[in-house]
Amino acid sequence: MSLYVEGLSKELLGGHSGMAQFQKVMRQQLETSMHAELEQLLSTVNGTDAEVSKKDFEGFRKIFHRFLQVKGPSVEWPKINRPPEDSIQPYDKIKSRGGIPDNIADSLNKLVVVKLNGGLGTSMGCKGPKSLISVRNENTFLDLTVLQIEHLNKTYNADVPLVLMNSFNTDEDTKKILQKYTHHRVKIHTFNQSRYPRINKESLLPVAKDMGMTGENADVWYPPGHGDIYASFYNSGLLEQLIAEGKEYIFVSNIDNLGATVDLFILNHLVSQPNGKRCEFIMEVTDKTRADVKGGTLIQYDGKLRLLEIAQVPKAHVDEFKSVSKFKIFNTNNLWISLSAIKRLQEQSDMDMEIIVNPKTLDGGLNVIQLETAVGAAIKCFDNALGINVPRSRFLPVKTSSDLLLVMSNLYSLDAGSLTMSEKREFPTTPHVKLGSSFTKVQEYLTRFESIPDMLELDHLTVSGDVTFGKQVSLKGTVIIIANHGDRIDIPAGSVLENKIVSGNLRILDH
């Protein structure tokens, strides 16, 4: 609301106290209007849907109330400190503390794997849930996840279930596909994250006129970010059910991070803590490179470990935030969290996460905002929270076709659903790959490669324009291929390109 009020003359409002009073009245009026609008929306639905929507709207009211209270940046820059040495531990230190005990199956039986499965594949030109895109040997993200957990359960005779947090965008398609896993040794549960109304940027009231989700209502709802996991998991009843089954921790990660597999050393560290010192939250962080400068980082703030996202940083300090020397690590969004702690914080309404205000423009040109939260932002609410600086291999997200090329290539080998860097690669870093707009959509990307090139000795690849690759091409060192507008370059089958720039026009025609 301060968006509106700050522009008004303080003299007109009787100085500072008048200003504060005016703001308070405006906030109250907005909350009253919002309450009335939400009630009206609820009146258009009944039955089970009404109960679910009612719970969703309770959460939305809370975030809207907090949004109206916020004034300026959520952090004061001078109060930011580097985390104490012992609050972010090196992975090797965790690993060297005694290895994996014989009774690791007991620890695994206390674990639940949760995958964030709310996203669509639209950014990669695919319809439906992103988790259903094929990434390796015809296996989808979801296939690989199921294979990983099944392998754990078989190897250690354990019972680790998989929980998918779906959104209203992905739920139906995901549930249809789950039938194919009925004979796998993995119990699979799902729950839905909330459905919140997008609000008009000017009026700060919902755009929706009823609870429908089609026609003119198709783009007036949104899933409110992965920070919603705590409330929606709790509201679904699944959290209580898993606690009753003896589960103690969840391992949460994005389903498109192929490096986020269950790590037995971190799990053992969690469950072997003495009761009074039980760690309720572990965030896996990894060293920042220039490609990660926008990633959230861990700081010490008001005596607590806290996640600092770029959206919270005052403009004057953004460059400092991006500095690799001051903020050396970033959040991978691989998190290990105590189930009983989530239950306690939810029941005491102590889950406090910074609000991310995400502006959007709808197809008709209407400016709206959606209020979101991030799962890692809750770290400050948990007791004995810890960061673990893990190897980069635990962060292997597939966000673009460039990432897809890496994971489909011979840089990685696939074993029981897990991707590991090939031993034939002489250095452990992944090459920097940048494919142009002709490769953005997965289907188009696939037609441009007769087979995926050999990339074991590649450092850097840039491809721009209308370019295709024949079979058994080998790329080494730095390779830049640029087809200018109207030109086309066909890289011949069997070509070896080492430290080469290819430009102009190169057509290979059948005769």
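Glycine is no exception: its Cβ is also placed from the backbone N, Cα and C atoms.
No curator has checked TrEMBL annotations; they are predicted automatically.
Among the features that TrEMBL reports, UTP binding site is placed at K130, Q193, G225, D256, K399. TrEMBL lists H226 with the feature substrate binding site.
The 10 Å shell around the Cβ of Q193 (UTP binding site) contains 29 further Cβ atoms across the protein chains shown.
Cα-Cα distance from K130 (UTP binding site) to the residue listed as 'substrate binding site': 15 Å (rounded to the nearest whole number). Here the CA atom of H226 (substrate binding site) lies 16 Å from the CA atom of K399 (UTP binding site). Note on K130 (UTP binding site): other Cβ atoms within 10 Å of its Cβ, all shown chains, come to 24.
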